[in-house]
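S.K.: Here it is, the structure in full.
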Amino acid sequence: MSFSPEYCQVRERDLATLSNYLSIVTRHIEIDWTIDWTNKVFGGSASLTLEATEEGESVKEVVLDSSFLDIKDVQIDGKKVQWKLDERIEAMGEALHVTLPKALNKGDHVTITIGYSTTTQCTAVGWLEPNQTKSGKYPYLFSQCQAIHARSLLPCQDTSSVKATYNAKVRSGMGLEVLLSGLRKGVKDLGEGVREFVYEQTNALPSYLIAVAAGELVYRPFDKLDGRDWTTGVWTEPGLIEAAAWEFREDTARFVATAEDLTSAYKFGQYNVLLLPESFPYGGMENPVTTYVTPTLIAGDRSQVDVVAHEISHSWFGNGISSQSSSHFWLNEGFTTYTERLIIGKTHGEPARQLSFIIGRQGLIGDLKRFEPRFQRLVSEYKEHEDPDDGYGQCAYEKGANLLLHLERTLGGLDVFLPYIKDYVKTFEGYSINTNQWRDHLFDYFGKQEGGAEYVRRLGKVDWDAWLHGAGEDLCVDLQYDDTLAKACYELAAKWDKARDSSDFSAFSSKDLENFSATQKVVFLDKLETYETLPHKAVEALDETYGFGKTGSAEIRLRFYEIALKSGPKYAEDAAVWVINKGRMKYCRPVFRLLNEQTPELAKKTFTDHASFYHPIARKMIAKDLGVKVDL
Ligand code: BES
Ligand code: ZN
C-alpha cells in the first residue's frame, strides 16, 4: 500500500461545518484586527486564500462558517462582491455565501477579504474586567476555539479537515500584550499606548488552533537545552510569574525533548505556556507556540505538570496529524494521552505511567455512564449539525490511549511499538486523517517489518469492531495495569469502607497519607468513590482527618466533593463557594451537576449569580447541565 498524498487526502465529510470545503480549501489566512476593549469586540478583516479542489465541476461560490459575526463587506481583488448570510442553525452559526466573479477550476486560487467585526455574542472569547485579574488594573481576554468556536472569531472553513497557514496583525491599546498562536515577528508602537503585534504561523493548521490572548502579561524564559533549536518559557500576569515559573521550569523543556525523541523534530520554534485566569474552561489547550493552561495547575508541588506533557504531545497528534472531524477526535486525544503517559513513564518510571492509566480508567467509566451509546463509541457518531461540545468526554482520551496500550502489548511491547509511532508521524504529519487511514497504515507498517506475518496475524485477532464501534460502560478488553503505586491507595480505601458505619475514626490519621504522592491521593479517593455512598459521619471524618475540604489541590477537592455530595447536602454550601471561581469545566461541571441533585435551588442560584465569571463555552455547558437559560 502506498501512502501517497492522494491517499492521505481522502476525506470523510465533517458534519459540524456549513462550509463547502470539499470543493475548495483554505491554504492561507491573513488576519487584521483591532481589539476594541470598550465594546468587547475585534474589528478588522480576514483574507482567505483558497484553492479549488473539485474534479471536473467548477466552483462558483465559497461558503464559509461564521457565527455571530457582523459582516461589513466582502472583496476580491479590491472589488466588492456579492455575499449573503443564511439563517442561523444553532451551534453551526450562519453560513456565509460568497459569489465568485469567475468560476474556478481545480488548482485555481482566489483571495477573499471579509471586512467584519466580532460581536458580544462571540462564543470563543472570554473578556475579563480588571477586577477579575491579579493586579486589578487592566482588562484581559483569551480565546478558546476548539471545537467549533473559531467561526465566532473570524469567517473560515471551521473544520479540522482543512489546514492553513496564517499571519496576523493585531492592535491593542493600554500598552497591553497580545499573544497569538504563531511566532512574533515584530511590535510597532503606534503612539498613545497603542501597539501593533505581527505574528506568523508557517505550519498549516486547523482553524481551531487560531488563538489570541491579551492583557497585562509578562514572559519568563526557561533554560535552553543543549542541542535543541527551540526555546521554552512561560507567560502570565505579573503577580503569578514567580509561581508559574517554578511550577513549569523543571519539566517543560525536558518534556518537549522527550516527545521529540518519541516522534519527530518540534516544528513550532518555541514552546511556551500561558497561565490564564481562573475562568479558562479547560485544563490545557494545545494552541501552537503557546499552550494555554488553567491556573489550577499551580499546585506548588509540580504535581499537575502532566497536563503540560499532554499539550506538548498535541504538537504531533492533533496539530501535526489532525483528525478529519469530531468522530475521529480520538486520533488527537487518544494518541496524545498515550504519548503524555510515555513521557511520564520516561520521567518517573513505568509504575507512574501505569498509575495514570488507572486514574484514566476510572474517569472513563464515570463518563461512559453519562453518555448515550453513540458517544460511548471510540469513533463517535455525531448527527448532522450537532455541537461537538455535547459529545466531549473521556471516551476519546481513554478508550483511545487504552487501544494503543493494547496494541503495544499485543505486538510485543515498546521496542516494536515506538518505531511504529515514529513512522505514523512521518507518514501523516501535515494531513487530516480518519480512523480507516490510521488503521490501514498500522497494518501496512507491521506487515512490512521482519516477522510481518506474525504481527499481522496478531493485529487480525484484535476485536476491531468492539474497540472502534462498541458501546458500553467500560473497555471491551479488561486491561490490567501494574498496581505497584496503587496498592497502598486501595488498602486505605478499603479500610475506610470497612469503618464506614463506625462512630470512632481514631484509627485514621493524617499520617496515612504521609507517603502518598498527590496522584496517589487521587487514586485513593477514586477507589473510595467506587464503594457504596459513605454515611455522612464518615465523610466528615475523612475531611477532619485529611483536610480534603480545604486543600488547594483541585484534583483532590473535586473528588472529595463528589464523595461528600453523594452522601448528602452538608457540603453543598462549601462546594458552591468553591466553584464560583473554578472555570475549568472538569471541576465546575461535575460539582454543579451534583449540587443540582442535592440542592437544585442552590445550584441554579450559584450559577446564575456568577454566570458572567464563566467563559461562554462553560456557561453554555453548565446551563445545559442544569436545564436553565442564561442570556448575557
Ligand atoms: N484539546 C484539549 C481540550 C479541548 C478538547 C478543548 C476538545 C475543546 C474541545 C486539550 O488538549 C485537553 O485534552 N485538555 C485536557 C488536559 C488533560 C487531558 C491532561 C483538559 O483540559 O482537561
Ligand atoms: Zn488533549
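Cβ atoms here come from the backbone N, Cα and C positions, even for glycine.
Pulled the feature table from TrEMBL, pasting it below:
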type	residues	note
ACT_SITE	GLU311	active site, proton acceptor
ACT_SITE	TYR397	active site, proton donor
BINDING	GLN144, CYS145, GLN146, PRO281, TYR282, GLY283, GLY284, MET285, GLU286, ARG584, MET585, LYS586	peptide binding site
BINDING	HIS310, HIS314, GLU333	Zn(2+) binding site
S.K.: Which recorded positions of GLN144, GLN146, TYR282, GLU311, TYR397, MET585 contact ligand 2 in the sense of C-beta under 6 Å?
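M.R.: List returned for ligand 2: none.
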S.K.: If one looks at the chain holding GLU333 (Zn(2+) binding site), which residues at least 6 apart in sequence have a CB under 8 angstroms from its CB?
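M.R.: For GLU333 (Zn(2+) binding site), the qualifying residues are GLY318, ALA396, TYR397, GLY400.
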S.K.: Show me the subset of GLY284, GLU286, MET585 whose Cα is within 10 Å of HIS310 (Zn(2+) binding site); these are the binding-site residues I mean.
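M.R.: So far as Cα distances go, the binding-site residues lying within 10 Å of HIS310 (Zn(2+) binding site) are GLY284, GLU286.
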S.K.: Reported as an integer number of Å, what is the Cα distance between GLU311 (active site, proton acceptor) and GLU286 (peptide binding site)?
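M.R.: GLU311 (active site, proton acceptor) to GLU286 (peptide binding site), Cα-Cα distance: 5 Å.
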S.K.: Output, ordered by sequence, the same-chain residues six or more apart from TYR282 (peptide binding site) with a CB under 8 Å from its CB, or 'none'.
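M.R.: Non-local contacts for TYR282 (peptide binding site): GLN144, TYR292, THR294, ARG584, MET585, LYS586.
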S.K.: Inside 8 A of the center formed by the CB atoms of HIS310, HIS314, GLU333, which other residues of the chain have their CB, for the recorded Zn(2+) site?
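M.R.: Near the Zn(2+) site, the remaining chain residues are GLY284, GLU286, GLU311, SER313, PHE317, GLY318, ASN332, PHE335, THR336, THR337, THR339, GLU340, TYR397.
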S.K.: Measuring Cα to Cα, how many Å separate GLY284 (peptide binding site) from HIS314 (Zn(2+) binding site)?
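M.R.: GLY284 (peptide binding site) to HIS314 (Zn(2+) binding site), Cα-Cα distance: 11 Å.
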S.K.: In which DSSP state, out of helix, strand and coil, do we find the residue listed as 'active site, proton donor'?
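M.R.: Note: the residue listed as 'active site, proton donor' is helical by DSSP.
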S.K.: To the nearest Å, how far is the Cα of GLU286 (peptide binding site) from the Cα of HIS314 (Zn(2+) binding site)?
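M.R.: If we compare the Cα positions of GLU286 (peptide binding site) and HIS314 (Zn(2+) binding site), the gap is 6 Å.
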S.K.: Enumerate same-chain residues with a sequence separation of six or more from GLN146 (peptide binding site) and a Cβ-Cβ distance below 8 A; give 'none' if the list is empty.
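M.R.: GLN146 (peptide binding site) has long-range Cβ partners TYR208, LEU209, MET285.
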S.K.: Give me the long-range Cβ neighbours of HIS314 (Zn(2+) binding site): same chain, 6+ apart, Cβ under 8 Å, in sequence order.
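M.R.: Correct list: GLU286, ASN332, THR336.
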S.K.: Count the Cβ atoms, other than its own, that fall within 10 Å of the Cβ of TYR397 (active site, proton donor), considering every protein chain shown.
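M.R.: Taking all protein chains shown, TYR397 (active site, proton donor) has 23 Cβ neighbours within 10 Å.
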S.K.: Applying a 10 Å Cβ distance cut-off over all chains shown, what neighbour count does GLU286 (peptide binding site) have?
M.R.: 24
S.K.: State the three-class DSSP label for GLY284 (peptide binding site), counting H, G and I as helix, E and B as strand, and everything else as coil.
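M.R.: Where GLY284 (peptide binding site) sits, the three-state DSSP reduction gives strand.
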